[in-house]
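**Student:** Could you have a look at this structure, given as structure tokens, before my questions?
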Amino acid sequence: MAGFEYTLVHAKYTIPVAILLTILLKPFKTSADHYKVTYLLVIAVTATIPWDSYLLKNKVWTYPEHAVIGATFWRIPVEELFFFLIQTYITSLVCIIAGKSIVPSAYLPTLPITPPSPSIEEAKPRKPKQLIQNDYKRLRRMGLFGAIGIVSLAVIGARLVHGGGQGTYMGLILVWACPVIFFIWCLSHQYILSVPVKNVMIPILLPTAYLWFVDTLALKNGTWVINPEKSFDVKLWGYLDIEEAIFFLVTNILITFGQLAFDHTLAVINGFPEIFNMAIPSWPPLQLMVRGLSVSVNNYTPRRILNLRDAIMKLQNKSRSFSLASSVFEGRLRIDLVLLYAFCRNADDLIDEADTPEEAQKALAKLSDAVSNTFSQYQPSAKPISHVEKALKPPISMLYNLPEEMASSLEMLPIEALPLKPIQGLLEGFGMDLQFPSINKEVKNHMSAEKFPIGTESDLKRYGYCVAGTVAELLIHLVFHHSPTKDLSLKEREEIIQAGVNMGIALQYINISRDIAKDALMGRCYIPSDWLAEYNLTPIMVVEKPDRHGVRMLKRRMLRNAMEIYYQNKGAIEKLPTYGGARKGVRGAVENYVEIGRVLLEQDGRMPIGNEATVSKTRRLWVFVKALCI
């Protein structure tokens with residue numbers, strides 16, 4: 001007599017969890033996520049059906065008639081077939097969610113670097129050659145030990161199956177799963193061992209623990225029955241057989257390793273455009289994925305991986321808003337945006353951390369020369385540079401006497417996709433910062449308003465363009481470079497770029513409003529002098545005491561200007577391509593930063609300048625998720 005007990009297990013325990021995870025991931029889900037889950041579902045079902053059918057044929061486990069509706073495929077109840085799908089889906093989503101915080105290409109293994117010059121060796125004190133070599137050797141050793149362990153388990157499984165009796169079920173689990181795990185391990189063990197431990201363990205242990213709970217209830221209720229003659233009849237707890245516990249652990253290892261193998265090959269394809277010099281489709285063909293896995297570590301570019309790691313660390317430490325938004329971008333677009341951010345931040349640090357204004361001016365001049373000459377090599381009229389010439393060319397750090405971190409971030413910039421003018425504008429903005437008078441001089445009391453570069457609202461707008469509008473312009477150029485869509489005309493693209501520039505200016509106004517007291521400590525005042533004059537104030541007075549009534553009023557004025565620009569230009573975000581998560585990512589980043597302005601407006605009049613409100617992590621995440629769901 002047909003029954004619905006197994007169906008109810010899904011209705012109560014597996015389907016609700018799958019729906020919840022789908023809802024949680026939806027704002028962050030990318031085309032690559034759809035791709036990985038779809039392929040893995042097909043592989044999981046295809047690989048499991050023959051094995052499960054064999055177990056049922058040999059009565060390793062059975063399903064009472066009252067527990068299933070009766071429809072089968074290869075002796076397998078449809079409820080069991082659905083279980084293959086739902087378990088794979090649940091574990092895959094947990095793995096994807098756990099991996100959203102990382103850029104996979106940054107976790108590719110690297111061989112030791114042979115420095116092309118002594119200056120490079122000196123410039124990498126935190127990454128000595130021996131340390132990198134030891135890390136690589138450690139991965140090789142751990143990979144070997146892991147392979148030996150997997151093969152040993154497969155041999156044990158084969159002996160159990162050959163011996164028959166109570167070891168049959170355990171043996172069949174091991175001989176079925178271990179060869180697949182061994183295959184994935186051989187291909188991707190270095191990547192699996194390199195990613196954060198939580199990215200591997202959470203998708204394995206969390207679904208396993210939950211399915212142990214579900215399986216315990218099902219065995220207790222007789223939804224399925226394990227044959228005691230072909231199992232050890234050892235309980236992990238309660239009604240949970242040790243074989244069932246191992247089965248769920250092993251299958252979740254299979255699913256997680258499968259997901260990480262996909263991440264590995266996509267990391268190679270996206271991380272090395274010099275090897276894969278092509279546009280990467282949202283759903284890469286299988287032959288491209290195989291080619292990605294077949295690339296030897298010897299062909300990786302260690303410096304690119306190391307510089308990408310440095311860029312990610314700088315992003316995480318310096319910009320919470322963009323760090324959060326970067327999780328939505330995908331593929332090469334995400335990598336290039338991180339590298340662009342690192343360049344901008346390193347350039348800013350190069351100027352700010354100079355010991356004297358004179359040294360800062362010299363550093364800015366050297367960086368400007370390096371940028372101009374580097375970009376000139378990629379102009380259409382420039383003579384192509386051969387691989388031999390590239391290898392023999394001295395590094396930027398030597399040519400222009402720049403710090404290695406700054407030089408590396410310039411070398412890593414996707415220059416072929418970026419115009420030079422916004423970069424020059426960014427450097428002009430740094431030059432405007434250097435026009436502020438030094439507060440270390442004893443002549444502080446004799447400073448005049450003329451010494452402050454932001455005299456009018458036009459000066460403010462120009463500064464906003466230079467330090468923020470240019471970055472938005474570069475970001476949008478990268479989006480268009482990576483997007484395969486041709487739907488937008490040249491005029492439409494120019495309008496979107498201009499709207500992006502305006503939005504960057506608005507966000508800089510918010511940044512200035514937030515940092516009035518912080519800037520005052522550095523002897524800077526970005527509030528236009530003619531605005532200050534309306535309240536009988538001067539920039540010097542703001543530097544000396546930023547918490548004034550007039551300054552609060554002008555802060556509100558600047559925030560209102562920012563919000564007005566924001567509302568005038570936010571519609572252009574919806575015209576951006578969706579490829580690579582561009583539209584969602586930009587929307588999320590903008591809304592996250594604009595929320596700072598909203599908080600400042602809420603607190604105005606109640607919070608002294610210098611104790612500025614910040615957006616809590618909970619509120620920031622809520623605003624970001626809400627922006628992605630629009």
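Cβ from N, Cα, C; glycine included.
These figures come from a predicted structure and were not determined experimentally.
Annotated domain 'Lycopene cyclase' per TrEMBL: 16-90, in sequence order. The transmembrane segment annotation in TrEMBL covers 6-25, 37-56, 81-99, 142-161, 167-188, 200-219.
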**Student:** Determine which residues of the chain contact the transmembrane segment (200-219) at the Cβ level, with the cut-off under 8 Å and only residues 6 or more beyond its ends counted.
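**Tutor:** For the transmembrane segment (200-219), the list is 6, 9, 13-14, 17, 87, 90-91, 94-95, 98, 192, 225-226, 236-241, 244-245, 248-249, 252-253, 255-256, 259-260.
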**Student:** Six or more residues out from either end of the transmembrane segment (167-188), which same-chain residues have a Cβ under 8 Å from its Cβ atoms?
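**Tutor:** Distal contacts: 47, 51, 54-55, 58, 60-61, 143, 146-147, 150-151, 153-154, 156-161, 226-227, 230-232, 242-243, 246-247, 250-251, 253-254, 257-258, 260-261, 264, 293.
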**Student:** I'd like the per-state residue tally for the domain 'Lycopene cyclase' (16-90) from DSSP, helix first, then strand, then coil.
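**Tutor:** Result for the domain 'Lycopene cyclase' (16-90), in helix, strand, coil order: 56 helix, 6 strand, 13 coil.
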**Student:** When the pLDDT values for the domain 'Lycopene cyclase' (16-90) are averaged, what is the result?
**Tutor:** 93
